[in-house]
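Remarks on the structure that follows.
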Amino acid sequence: MEDLSDVFDIYAICACCKVAPTSEGTKNEPFSPRTFRGLGNKGTLPWKCNSVDMKYFSSVTTYVDESKYEKLKWKRERYLRMEASQGGGDNTSGGDNTHGGDNADKLQNVVVMGRSSWESIPKQYKPLPNRINVVLSKTLTKEDVKEKVFIIDSIDDLLLLLKKLKYYKCFIIGGAQVYRECLSRNLIKQIYFTRINGAYPCDVFFPEFDESQFRVTSVSEVYNSKGTTLDFLVYSKVGGGVDGGASNGSTATALRRTAMRSTAMRRNVAPRTAAPPMGPHSRANGERAPPRARARRTTPRQRKTTSCTSALTTKWGRKTRSTCKILKFTTASRLMQHPEYQYLGIIYDIIMNGNKQGDRTGVGVMSNFGYMMKFNLSEYFPLLTTKKLFLRGIIEELLWFIRGETNGNTLLNKNVRIWEANGTREFLDNRKLFHREVNDLGPIYGFQWRHFGAEYTNMHDNYEDKGVDQLKNVIHLIKNEPTSRRIILCAWNVKDLDQMALPPCHILCQFYVFDGKLSCIMYQRSCDLGLGVPFNIASYSIFTHMIAQVCNLQPAQFIHILGNAHVYNNHVDSLKVQLNRIPYPFPTLKLNPEVKNIEDFTISDFTIENYVHHDKITMEMAA
């Protein structure tokens, strides 16, 4: 039996927000794909105008590729011939319809909407331009509508209409009842799904659908519209072989492709850039981009790397083949532009292709050398969403660094146990710090930031005006010499390494000012992918926001360079769970605008809005 969604290329496109809680009891509901389900409220969109989503909607529903039409036409005509030969094919539509424009001359997409959706469109935008508008209503007549559109009264009439029209694709654009009927009748090939990361009152909701019948095949970059983050998913029908890339190949395709980009970067091969998903011509649904949006061509060396990794024919490939039997990732995306996949792709690459090594802790690791991640702080706050992170602990530790503190008890008294294992008597004795008091961590990060070169005695002494205050110098340079190439903060003091409970992992960062914006690049020599790196991404992103504010700048980018990147053997099973999860849109970070001195920030000055996340994943720290 033919799949009509594929024959007639019927898609759904929608934008959904989080639903504002209506009672105290609903505030702590766990997050899930159904978190984003709000479609409308009182006859209009729940949110105010979201320009990014509107551009995306317009781009998706107006884009056509003339070169592919003949193939689509042949497919539809073949179906109609087969239908006719079987005695079917009643092509008489029951609807009373009209249409504006000569469909035969210009290839366009069809947009199908219910009456309420049609009436919610502002008058100046009716009918939606450069699209064949179809309104589904049992009560609307052509006398009720001044604009020239098709009016039909059932989904069956829509199928009859599509048999007659010359069109590229058909998009169901709302409302909830139309979505529900098309999904229940298996008439949707793909769902273009915008996740608006804000909570609003809603009275209309996107219908539930069988997620075993659809899988996520694309996750876009994270964008920001007037302070609200959003991203774009594509759900593809399982086994449909659709444009978004649902295929019957390996279920590890998604992360393998991301890992290939990570591997290419480790091998000094430039990774392909991703065009923003502003329409179906982007990588968001697998079609070739027009020239100005197309990613740059790969180098011969990169093509070789990609080919070898895909075919599993290299030395690493043979290792991957056997490992794949263990790694049963459910994610089947081909096109993953969400920034969190940089992190997930590195983990996947290390698990599949890493070198097995012993390590200081005795646990053992798989490791690789040299990765890079970039995060756009002007759009979002990169707090990982595939597991819940201890944000309060991240902020308290950063403030502790900024104050130049080395007393682990300060954090423990706030129930922040990040450094607890490194301050025990046993750990300090193993470091030959027999004279050191428990939880005296020595001249670690904060001491080097604020007192570089000073003689360290113990955690109780006063070091005011001793050593070099690197943080103060960094802020001074940003304010007074913003083009300086010496705006560097370094925690790696060779003379003090033996006195530290733990030598610094993130050892150096540099700041860059351009066009009123501040970027930070950080080099991390030792990178615990399971536990440490998620904290480091968030911490240095917050740090960049703080320094930008006190210097009257806007945050731009955080760039994370990873040296020895490793996965502990006792973290692998937990990380497999994390790799199965689809990221949510990142949250946003707001600082108290009244704070102008870096030392004046307190925990109450930080607000994280719309942090949607998966459940916590427990991993034991290797100390």
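For all residues, glycine too, the Cβ spot is worked out from N, Cα and C.
If you look up Swiss-Prot, you'll see Ile13, Cys14, Asp53, Ile173, Tyr179, Thr194 marked as substrate binding site. According to Swiss-Prot, the NADP(+) binding site annotation covers Ala15, 38-44, 115-117, 137-139, Asp153, 174-181. Residues or ranges marked as dUMP binding site by Swiss-Prot: Arg360, His506, Gln524, Arg525, Ser526, Cys527, Asp528, Asn536, His566, Val567, Tyr568. The feature domain 'DHFR' is assigned by Swiss-Prot to 9-237. The repeat '2' feature in Swiss-Prot is assigned to 94-97. Summarising the annotation, Swiss-Prot assigns repeat '3' to 100-103.
Mean model confidence for the repeat '2' (94-97) is a pLDDT of 52.
Neighbour density for Asp53 (substrate binding site): within 10 A of its CB lie 20 other CB atoms from the protein chains shown.
Here the C-alpha separation of Ile13 (substrate binding site) and Arg180 (NADP(+) binding site) works out to 13 Å. Reduced to three states, the DSSP call for Arg180 (NADP(+) binding site) is helix. Thr194 (substrate binding site) has Ala15 as its nearest neighbour among the binding-site residues Ala15, Gly174, Asp528, His566, going by CA to CA distance. The binding-site residues considered are Ser116, Gln177, Thr194, Ser526; of these, Gln177 has the fewest other C-beta atoms within 10 angstroms of its C-beta. Put simply, Ser526 (dUMP binding site) is 50 Å from Gly174 (NADP(+) binding site) when counted between their Cα atoms. Residues Ile13, Cys14, Asp53, Ile173, Tyr179, Thr194 are recorded as binding substrate; their most distant pair of Cα atoms lies 19 Å apart.
Cα-Cα distances to Asp53 (substrate binding site) place none of the binding-site residues Ser116, Lys138, Arg180, Arg360, Asp528, His566 within 10 Å.
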